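Below is one structure, written out as structure tokens; comments come after it.
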């Protein structure tokens with residue numbers, strides 16, 4: 001899978017650390033702004049924006065899970081690291097926009113347009129990776145099936161044990 005795509009410098013070690021730092025800074029800043037906004041109110045964002053906060057928590061869970069998976073795949077030098085990295089980027093962008101929606105609906109709508117562009121790009125790359133993975137898996141499965149059928153239909157079967165002569169008793173002939 002890695003042969004078809006140019007090397008993505010966004011998934012190098014230092015770049016990934018920078019992406020995590022930027023995301024942490026955004027979430028921290030936005031959550032502080034939300035605290036200031038709701039400080040004088042008797043309600044919380046969970047009361048006024050229940051669905052947004054639940055979706056934000058789901059996006060954060062996906063972000064954390066894919067971050068761990070990405071580290072594991074990176075240490076194994078797996079070609080699937082890019083796919084998991086794309087999911088991580090998608091989840092982080094979604095979480096940021098959801099926090100922006102609590103602060104300002106207009107700003108979040110504008111940023112959502114940019115997020116949609118990122119989503120389309122990541123979905124396209126991920127779809128290519130998944131299609132290639134499926135194609136490769138199908139090819140290998142068919143190859144194994146052909147070998148299995150060839151072994152079953154082979155007229156010259158070779159037993160695993162050496163030929164043993166059967167001794168017959170003199171009275172059975």
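Here the Cβ of each residue, glycine as well, is placed from N, Cα and C on the backbone.
Worth saying up front: this structure is predicted, and the values here are computed from it rather than measured.
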- Can you check which of 30-51, 52-73 TrEMBL lists as transmembrane segment? 52-73
- For which of the residue intervals 134-153, 154-173 does TrEMBL record region 'Disordered'? 154-173
